[in-house]
Protein chains: 2
Amino acid sequence: MSNSVRVAVLGATGAVGTELLELLDSRQFPLASLKLLASPRTAGQTILFKGENLVIEAVDEKSFVDVDIVLASAGSSTSKQWVKTIVDSGAVIIDNSSAFRMDKDVPLIVPEINPTAAEHHKGIIANPNCTTILLGMAIWPLHQVQPIKRIVVATYQSASGAGARAMEELKTQAQAILNQLEPKAESFPYPLAFNLFPHNSSLNELGYCEEEMKMINETRKIFNDTQIQVSATCIRVPVLRAHSEAVNLEFEQPFAVEKAREILKTAPGVTLVEDWQNNYFPMPMDATGKDDVLVGRIRQDLSHPCGLELWLCGDQIRKGAALNAVQIAELLVKNNLLRPQAVAV
Amino acid sequence: MSNSVRVAVLGATGAVGTELLELLDSRQFPLASLKLLASPRTAGQTILFKGENLVIEAVDEKSFVDVDIVLASAGSSTSKQWVKTIVDSGAVIIDNSSAFRMDKDVPLIVPEINPTAAEHHKGIIANPNCTTILLGMAIWPLHQVQPIKRIVVATYQSASGAGARAMEELKTQAQAILNQLEPKAESFPYPLAFNLFPHNSSLNELGYCEEEMKMINETRKIFNDTQIQVSATCIRVPVLRAHSEAVNLEFEQPFAVEKAREILKTAPGVTLVEDWQNNYFPMPMDATGKDDVLVGRIRQDLSHPCGLELWLCGDQIRKGAALNAVQIAELLVKNNLLRPQAVAV
């Protein structure tokens, strides 16, 4: 059982939690045990996993004593509330929230980009923001060949980023509008169906929302490059589940389009989708449920001799969240990076 | 009657044609007569205008002899087919298609930007592409104060850009998906509902679609600035009618955000929409049916000391097409720029 791991999922009923369980199953994660944790409100409900009905337990001080890895996707406040208990119990928390991402003692990891950052964890590893992961996957392979100087990105973010309830709300709103009724907005401040709006996270004094600052700051941290310049405009669009991004890259020297295409054709976790004859490129409907980030429309930036333009779509819940978290867990197991308690099992 | 003008609308039944008629009415355009022209297929149908049922006539060689201005919105091939007849008849064609926009003898006009270009027309004036008009409206006032060096723009284009049928198709697709049925795509190559994809106009050898090249070339022509560098990514989104754009501007020198805000607050045809407290900025649902282009989220580009970011939405059918065409017609009347035949009436 030395390679088997005791896992707890904190927040198992949400959109990301559901996907975490699916991935633990389909990727045959070496589970010694699986514990589903949630607030007392949902405790007692059951979730089917590998043919067995698992009962959701209310999280408490003793929940983590027999756990090696906690996959947390219950939001920042829940992660902050339980992190000390988790770490003191000897488990590693792989946290989907933004609570610890910019903490200098917490590695922020995309396994295809900076796996070695995991070596120095102190019990907490942060899973990056979804748009940042998808962007990083597409541009890191290019950055390795010739450093990117500047990134200007505009996002097209689906409802799933705001959770399962927001996805339902988008559908309910669309039906209301089709029936010529007034759409109701609860998860979002404004109706999203047949509409779009700037990402509604808090704005800083420079006018950037949190989502945009995550793309800027997290990209620098994951790339371990404080010099890379990033600007972002984050927009919520009436798509259910996959995010898209229009990415403008500036290099120090010209970067041949053909070279970029060759690099991305074989990059891990990336699928090049470019059928120029049929005007067929990455679309959310194709990225949904896929592990890979779909990248295409790689072309010379006509406004800058050292620029490239590209377009990407990726499943926000999968590589943008749950898949990346499970990959981090796999990395910990493979490289014996569980904490002493776990190693001693 | 010297100030009254004989107008023909070519393509009166389409999304833009319908709006042209509404604008001729609501703006009290000085009509001496109004003729509705279309293909023999729709000839004979009637359209209500100012309480009168106007019969659509089939266009022929004699349609334009008693006409001063032709507002054409029936597509490039129809415009190309009839342009000689129109010009030979002494009328001016204000053409919504892309047929003549880049012709050096044809002025390409946004009345708020380059009205004097109309002075040298030879019977043909081109109405720019919708995304180009909306972009120009928002950035021209800044360009006047300090020249823009480079523009990187990503668009969020509604179904209306592909016509009234595409708007219906988006609704039908959404209903199909809500009913868990397969959506059918006819106006577009792929389903648009709850999805999005790069603009499906023809691609050139550099990988840019026609829509993107229009933004690049038409902006330079309207601004009469061959030096301005432009790159564009055009994306179709599941919105019914207004287009949005994420715009990154680079100047030679830093451009203070407050100064840009002050300029756009009083710019003609622009409404500044920035409620930072409530995270309320331009949205397609608010831009629909509005004459002004809504601009907001003006902020320093964090990746470049001389950069500004801004966000805009505008009604694609209105300022993006029909309103701009009617404004050009008004400009011709006001400045006595009709052709000799017309002046002689």
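Each Cβ is built from the backbone N, Cα and C atoms, and glycine gets one as well.
In TrEMBL, annotation is done automatically, which means it is predicted and not curated.
Listed in TrEMBL:
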- B:C130: active site, acyl-thioester intermediate (ACT_SITE)
- B:H243: active site, proton acceptor (ACT_SITE)
- B:T13, B:G14, B:A15, B:V16, B:S160, B:G161, B:Q316: NADP(+) binding site (BINDING)
- B:R101: phosphate binding site (BINDING)
- B:Q157, B:E210, B:R236: substrate binding site (BINDING)
- B:6-121: domain 'Semialdehyde dehydrogenase NAD-binding' (DOMAIN)
Top Cα neighbour of B:V16 (NADP(+) binding site) in the set of recorded positions B:C130, B:Q157, B:R236, B:H243: B:C130
DSSP residue counts for the domain 'Semialdehyde dehydrogenase NAD-binding' (B:6-121), split into helix, strand and coil: 31 helix, 32 strand, 53 coil
By Cα-Cα distance, the member of recorded positions B:A15, B:E210, B:H243 nearest the residue listed as 'phosphate binding site': B:E210
Using Cα positions only, nearest of the binding-site residues to the residue listed as 'active site, acyl-thioester intermediate' (B:T13, B:S160, B:G161, B:R236): B:G161
Residue among recorded positions B:R101, B:R236, B:H243 with least C-beta crowding, 10 angstrom cut-off: B:R101
Length of the line joining the Cα atoms of B:S160 (NADP(+) binding site) and B:E210 (substrate binding site), in Å: 17
Between the residue listed as 'active site, proton acceptor' and B:Q316 (NADP(+) binding site): CA-CA distance (Å): 6
Among B:A15, B:V16, B:C130 [recorded positions], residue with fewest other Cβ within 10 Å: B:A15
B:T13, B:G14, B:A15, B:H243 screened against B:Q157 (substrate binding site), Cα within 10 Å - retained recorded positions: B:H243
Shell of the substrate site beyond B:Q157, B:E210, B:R236, same chain only (C-beta within 8 angstroms of their C-beta centre): B:T131, B:T155, B:G161, B:A162, B:P198, B:H199, B:N200, B:S201, B:C209, B:E211, B:C234, B:I235
Fewest other Cβ within 10 angstroms of its own Cβ, chosen from the binding-site residues B:T13, B:Q157: B:T13
Cβ-Cβ neighbours of B:S160 (NADP(+) binding site) (radius 10 Å): 27
